[in-house]
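Here's the structure we're looking at; comments come further down.
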Amino acid sequence: MSGGACIAVRSLSRSWTDNAIRLIEADARRSADTHLLRYPLPAAWCTDVDVELYLKDETTHITGSLKHRLARSLFLYALCNGWINENTTVVEASSGSTAVSEAYFAALLGLPFIAVMPAATSASKIALIESQGGRCHFVQNSSQVYAEAERVAKETGGHYLDQFTNAERATDWRGNNNIAESIYVQMREEKHPTPEWIVVGAGTGGTSATIGRYIRYRRHATRLCVVDPENSAFFPAYSEGRYDIVMPTSSRIEGIGRPRVEPSFLPGVVDRMVAVPDAASIAAARHVSAVLGRRVGPSTGTNLWGAFGLLAEMVKQGRSGSVVTLLADSGDRYADTYFSDEWVSAQGLDPAGPAAALVEFERSCRWT
């Protein structure tokens with residue numbers, strides 16, 4: 001007590017936290033920015049209109065996907081909020097690329113990591129998470145992952161990262177080399193440096209929130225298009241203006257689409273949404289893989305289906321410009337699923353029609 005005032009002190013040594021942040025920052029400095037690839041569009045149908053398509057290649061992150069950025073931001077957010085210390089078990093609700101990337105950062109800091117996921121998660125994805133040092137905890141239904149992740153974190157005295165709530169707030173959307181700033185810096189010397197459109201999918205909603213906010217903050221004329229797969233609540237919520245929608249089943253396109261509208265999804269920064277059939281996402285992923293000479297993941301197929309439609313619209317309207325989308329992860333992770341004819345058929349999907357539409361698009365720039 002001093003001068004009659006009561007004092008309460010909770011301050012602890014920050015040496016471990018300081019070092020943890022240093023390790024994450026050092027890891028980032030050792031990594032180059034991801035490439036911005038120019039997609040080879042046919043010149044034949046662009047005689048009067050000059051359009052260009054770019055892919056931001058997020059597969060070159062050390063953990064192989066766009067989710068590396070999110071995982072890094074979530075860890076820094078939790079560390080700077082005092083939620084993680086040297087004795088914390090880190091928990092997440094994820095069966096996908098987010099869990100792979102978060103397991104990497106947990107291992108970097110010497111912390112245990114538990115990913116809560118549906119029991120139906122593929123063996124290959126479980127193996128990827130475990131290869132980064134993570135442990136998988138299973139629930140029967142995908143709707144149970146949120147509550148179970150909270151329970152596991154409480155039981156272990158750990159911290160639930162909660163990507164679905166914190167994705168939009170953990171990333172500095174004003175800049176600091178976020179994905180939006182990186183795109184615009186890399187586009188500076190291109191013929192059409194300010195994209196007409198940026199196309200992304202929505203899983204947590206964090207990427208679309210970051211890009212949409214940045215566009216407005218920097219006063220760019222770019223518009224943001226969000227593509228959404230079947231069985232996702234985002235598109236019907238956006239089109240109907242209702243955010244209490246819950247879907248009875250989960251998205252079949254890995255990494256995007258959710259059965260509920262996640263807290264990080266900000267519809268107010270989205271200019272357009274496109275509902276993409278799952279068969280079209282698969283057909284586009286296979287088509288683009290053949291063009292690039294390497295496999296891309298299914299959500300990249302969803303992105304490209306949306307981007308191709310916008311390019312066709314621009315050509316039809318006689319409007320020159322550029323479109324940018326994301327190459328979210330590698331298709332090598334999906335050899336037994338989206339690139340397996342047997343698996344696709346077992347899902348009741350037939351990509352033949354969309355595949356033919358893509359061939360016609362490249363021939364004539366007509367879009368159906």
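Placement of Cβ uses the backbone N, Cα and C atoms for every residue, glycine included.
Record check: Swiss-Prot places Gly203, Thr204, Gly205, Gly206, Thr207 at the pyridoxal 5'-phosphate site, and the matching candidate among Ser95, Ser101, Ser299 is Ser299.
Counted within 10 Å of its Cβ, the other Cβ atoms near Gly205 (pyridoxal 5'-phosphate binding site) come to 28, all protein chains included. Compute the center of the Cβ atoms of Gly203, Thr204, Gly205, Gly206, Thr207, Ser299, which mark the site for pyridoxal 5'-phosphate; besides them, the chain residues with Cβ within 8 Å of that center are Leu70, Ala167, Val200, Gly201, Ala202, Ser208, Gly255, Ile256, Ser264, Phe265. On the backbone, the CA of Thr207 (pyridoxal 5'-phosphate binding site) and the CA of Lys67 (N6-(pyridoxal phosphate)lysine) stand 9 Å apart.
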